Protein chains: 2
Amino acid sequence: MTNQAAERIQHEGLRSKIMSAEQAAEFIKNGMTVGISGFTGAGYPKAVPTAIAERAKAAHARGEEFAFGMITGASTAPECDGVLAEANCISFRNPFQSDPALRKSINAGNTAYQDMHLSHVEQQIRNGFYGEMQVAIIEATGITADGKIIPAMGIGHCNEVLKAAKHVIIEVNAKQNPLLETMHDVYFDIGTPPNRQPIPLVKPDDRIGTHYLECDLNKVVAIVLTDAFDRNSKFADPDENSKRIAAQIIDFFSHEVKAGRLPKNLLPLQSGVGNVANAVLAGLLDAPFNDLTGFTEVLQDGMLDLIIAGKMKSASATALSFSPDALQRFNDNIEFLRDKIVLRPMEITNNPELIRRLGVIGMNAMIEADIYGNVNSTHVMGTRMMNGIGGSGDFTRNAFYSFFVSPSVAKDGAISCIVPMVSHHDHTEHDVMFIVTEQGMADLRGKSPRQRAKLIIENCAHPDYRDMLRDYFDRAEKAGGLHTPHLLSEALSWHQRFVETGDMRVK
Amino acid sequence: MTNQAAERIQHEGLRSKIMSAEQAAEFIKNGMTVGISGFTGAGYPKAVPTAIAERAKAAHARGEEFAFGMITGASTAPECDGVLAEANCISFRNPFQSDPALRKSINAGNTAYQDMHLSHVEQQIRNGFYGEMQVAIIEATGITADGKIIPAMGIGHCNEVLKAAKHVIIEVNAKQNPLLETMHDVYFDIGTPPNRQPIPLVKPDDRIGTHYLECDLNKVVAIVLTDAFDRNSKFADPDENSKRIAAQIIDFFSHEVKAGRLPKNLLPLQSGVGNVANAVLAGLLDAPFNDLTGFTEVLQDGMLDLIIAGKMKSASATALSFSPDALQRFNDNIEFLRDKIVLRPMEITNNPELIRRLGVIGMNAMIEADIYGNVNSTHVMGTRMMNGIGGSGDFTRNAFYSFFVSPSVAKDGAISCIVPMVSHHDHTEHDVMFIVTEQGMADLRGKSPRQRAKLIIENCAHPDYRDMLRDYFDRAEKAGGLHTPHLLSEALSWHQRFVETGDMRVK
């Protein structure tokens, strides 16, 4: 036993469970349902998945079946989703992913993927929607002398899978900063209907639970020591388009504050994953708002920098997902940050009760919107799964203001992000309040579909596509009109044209 | 002043405000935003709207503009939405309607209609999303000596419009049973972010507010006396299809109770408006469940009969919408019913916080579903508005179990309610757990799109359409497949064929 192991695992009994990743992987059998920690490239197991993948490949080489169902918090990384998908051993997967190899397996129909609202995950595990969960594999920062688990850079669904699974494997990662201890707030008491009580959180930074994850220690069958960084993907620096999108949202906030509809420090901010959403937060660094708060799912570079700069006083999230540079800033400032950042189970960060109560401002990226305000967050050309809906639905429907952002075109202009009808619907016309591109913003509140169409075409569409969209809308109005004018035989023709010619524009 | 007026309006000062509907209608001017009570044909004003319609027609005859924006609780009736739409004076309307004349005006593009989640209405009025509200017109059962308003057969958004409007007109309807007094529970304190507290409701029948609506009495500019029944539409008796749908849902409940995933008295039931949803409740009369509870939006005949029969111990709703026969049963039993039924503001009945906490079982009707589990609740053939989404989204996304029900075909088989792609999306694949037709039920929980397609085609589609659906799905899988296989050029072709030939079937 190394000193490091002794230091990280202070519970004597659990130290005796230390074994290799290969030994731990033996607990995973064909046909199981396995809960695996990990949320947006943070807090996923680093070693056991590779060992499971090797077992799967060996079994497949012997002509044996070896695949299992895998329920995570959200996306993981190449050394988790990636290696397992490449070993072709994920039969079922939910609720969110973003790994290229897994995406390929899903789109090939080899992995049955359920793309779901993150706020539903823990409730549905708890209530047996997925049958029995045989094993949970979670990453931790350490284990206390009384056997409590110090979570890593995220919590996600760990609280639930530790309770649900019959056996537990814990990876203790020496790369995770020991000072993460006490940054977590694990609320245990959400309960099952009809015996639920209100969740007693009324401010984004309220602490309502304990700092640790817990489970019946008799269930812990293996502890594996690791020493590896999280995925830590780099963000693109905000480009001109992202800056223009950010500027419009910030202008709107100023306008609402002036009109008395928003407090001076705004309302708690939620920002989806990705470069554009991150850029909006970067824009707030120079905006005239102070004492901001965050109530979000994933805390990324943009929100971290707002806290370090003293613009944001606190933030709540279920995971920390940083670029390598931001991770350095986080570790350099962790003493300053540890009472300002609180990490919670995803059932709390994404809970409709709390998002509606707090009046969160939701800002999420999209693949495309249509002229009536429906949004596609998940499918390329209607059929190919990209990542998943994640928490965007949980936040959008319950937000005080809900924004969807995207550059107006993609692929050098060959794809318009404003289309006659989205090719897949994740957020409906009933949920979307604002659409923002670098061209402008459409405020859809209190508008009929026809009014929305005019706003979205004139304010948000790229000039290259405006005439085409006006033409579609005009002809749809004249052909039959009605409440939501559409030409059914043309509504998806832009996507079909792209599939056939590689360009939505008519040449 | 009649004795009746004296009895119903016990506040001396307010009696002096009694005037004719025509006089009260003078307060409505061109360009105003007006809040009008009414929820599913209950509790809407019976006299003033007709007087406003006459004013509008006279103004139009003089060549003057006369139209106004109208925000209700939900649908009203011919003598409210109907007369105003026929007078062509509703410029804007939300959040829900079901009147033939208004529907025509909406589909013609004469009324800008915002079809929205009902849980958003009060919050968005309160926060100024619709600008200033000049007048509220609400129906009441009576007014107490201290000026408190006894609501009628529903509350809807009355609590909010009474606060928001500058002037208030009250219709006091002598037909409303005086014993309605104390059946209402008006919770005043939902507040505005960032200062909201948990809503202290943990059981469907908890009473957390007061029995009365209130407003600054100086704002009351007119009181109009009426003596007219609510709309009281008749329900169709459950037909064979409805009974088969009900039987499957009840079988499922039995199965879940046996498996320990549902309590013996189930969880609080929500039932959408309409014959099929009502039939499911009728089916529960003979089912082996007792001490049922209801937490719904509109309480209709089916739920009333469960309470009278002693099968349901209590129910919460925002409005009572009965057939004439059921109204008679309600009035005959009102002493028995008044502590078992509680009527609340729609912001409470439809609140995501409460629906999620209580674990409501949501059961809603639909126009069509597609093979991937998306649901259209609002648009016929993608363009024509029927009624609106109402509360179905509020309940579906937050329900413990969410059902959508419909007969598998309409128009003597010319329309399949299971299609390749729905022509309008109100509830996405992420939200819908169960689809039930008279053919069978598809349990979509934990399923990928391809798995859902097989279940929905084989279990729910009408036999006349199964081969066509299998053919579509097979060809979509072979053509390009991916996560959600579609043929973009054919996805909406069934609707297009119906528009052109009057039949979705290929002849």
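Placement of Cβ uses the backbone N, Cα and C atoms for every residue, glycine included.
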Co-listed CoA-binding residue [TrEMBL; alongside A:Gly272, A:Val273, A:Gly274, A:Asn275, A:Val276, A:Asn387, A:Gly391, A:Lys411] among A:Ile367, A:Ile371, A:Ile418: A:Ile367
Greatest C-beta neighbour count within 10 angstroms, which of the binding-site residues A:Gly272, A:Gly274: A:Gly272
Of the binding-site residues listed as A:Gly272, A:Gly274, A:Val276, A:Asn387, A:Lys411, the one whose CA lies nearest the CA of A:Glu297 (active site, 5-glutamyl coenzyme A thioester intermediate): A:Gly272
Fewest-neighbour residue among binding-site residues, criterion Cβ within 10 Å, set A:Val276, A:Asn387: A:Asn387
Coarse DSSP state, helix versus strand versus coil, of A:Asn387 (CoA binding site): coil
Longest CA-CA distance among A:Gly272, A:Val273, A:Gly274, A:Asn275, A:Val276, A:Ile367, A:Asn387, A:Gly391, A:Lys411, per record bound to CoA, angstrom: 26
Within the predicted model, mean pLDDT of the domain 'Acetyl-CoA hydrolase/transferase N-terminal' (A:14-224): 97
Fewest-neighbour residue among recorded positions, criterion Cβ within 10 Å, set A:Glu297, A:Lys411: A:Lys411
